[in-house]
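Visitor: Okay, handing you the structure first.
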């Protein structure tokens, strides 16, 4: 095992510390503290390459702490990890504290490890360029070589042939569509439920295309308010809005010559959709606060778990933008629609778990694979990955038996939807639809014991979208977790 760097985790919850340590310890030395005071004491005597800090702590916010770290110990790369998405906190974090990455809960282990690896790499590149006496933005031959090698690895990692599926799987047709899309410089819209692998397909399309040697950039459009989303994508000038303390290059410029993946595009507002449409039509962006436009050459791959055609008919999504994005539509099947792939995917996940948990003898009992086949997997492949990791953590033996929690979920049937008088009465269509939507959400909350992540996944909503609906229907008291704390 090769340790790539030292990571400082600052989180007041011991369970969160342990979860991060477990995921990162394979590649990094992980130091955990529960508050800012202990973190500062540690920074005085340790060389730390990157800091992962929770936003909400008892006596001080993560942003406030990292702002001070930036002044006193500017070298470590700073990252915020949180389940909260207040716009002012995010804006302040990205600008005042010089945050490299804002990571939202629930985070995915593989993505988190890659993000931290990139942060450590950035630390080393900064130190190298300081030693050479040049600005970190200057592209040296060494940096070009690092980037070239990294993209070569990515091309192998995200090849279409590495997408797990059997010959009888509906994924076979999806992959063929993806290969065709890769051959042409055309916008692609990937639809499907949360956790089906939309980003994986988007990466395969990029790395199978003529743009493979340029950047592939990801933005989750459902996680940020309009102003910050525009700043992220189009860039901004210093002073363009509250918290814009420096010029910022947008992701469209970062992706120039490459591909940008716009996840959860269906969560965007009509006002933002107008601005995105212009970018697609004119191939140019205007950073917030700037007077001049800038030309960009970027391929757009968008994804959504919503029925965008229905959203268009309802007036919530612009028709002209939909047709721009859906020049080449591809639908990802749910995991329950490809049961023949479940054993293959499960074995692939288990192989990764063996390595990351250093338990090479782990194996599935036959009963576990049978249980996997019975379950409907509302969270799709992502839920299957999480379930296998959980099984490995809880297992005292090398054989992973049928998980009892999964068995209880299998036996848990949906209660009948409550009968509302307005559904059968003379109420307006809007009122009837709202009543039905509230009933569905209540039913799902009950079935999942109020777990926000599972409910959002099952309903095909982002956590932000679900929180809004819980507030609208006064269902916040039915939810558990950190959604409203």
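Here the Cβ of each residue, glycine as well, is placed from N, Cα and C on the backbone.
Sequence annotations record features per position, and here Swiss-Prot assigns domain 'Response regulatory' to 6-120. Taken from Swiss-Prot, the feature 4-aspartylphosphate covers 54. The domain 'Sigma-54 factor interaction' annotation in Swiss-Prot covers 166-392. Summarising the annotation, Swiss-Prot assigns ATP binding site to 192-199, 264-273. According to Swiss-Prot, the region 'Disordered' annotation covers 404-426. What Swiss-Prot lists as DNA-binding region is 451-470, and the listing cites similarity to another entry.
Burial and contacts for the listed features, if you can.
Guide: In the structure as shown, the Cβ atom of residue 54 (4-aspartylphosphate) sits within 10 Å of 23 other Cβ atoms.
Counted within 10 Å of its Cβ, the other Cβ atoms near residue 268 (ATP binding site) come to 23, all protein chains included.
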Visitor: Which three-state DSSP class does residue 54 (4-aspartylphosphate) fall into?
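Guide: Strand, per DSSP.
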Visitor: Could you find out if DSSP has residue 268 (ATP binding site) as helix, strand or coil?
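Guide: Note: residue 268 (ATP binding site) is coil by DSSP, not helix or strand.
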Visitor: Let me know the DSSP-derived helix, strand or coil state of residue 198 (ATP binding site), please.
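Guide: In three-state terms, residue 198 (ATP binding site) counts as helix.
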Visitor: Least buried of the binding-site residues 265, 271, going by other Cβ atoms within 10 Å?
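Guide: Output over binding-site residues 265, 271: least Cβ neighbours within 10 Å is 271.
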Visitor: Cα-Cα separation of residue 195 (ATP binding site) and residue 54 (4-aspartylphosphate), in Å?
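Guide: Approximately 25 Å lies between the Cα of residue 195 (ATP binding site) and that of residue 54 (4-aspartylphosphate).
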Visitor: Just how many other Cβ atoms lie inside 10 Å of the Cβ on residue 198 (ATP binding site)?
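Guide: I get 25 for this one.
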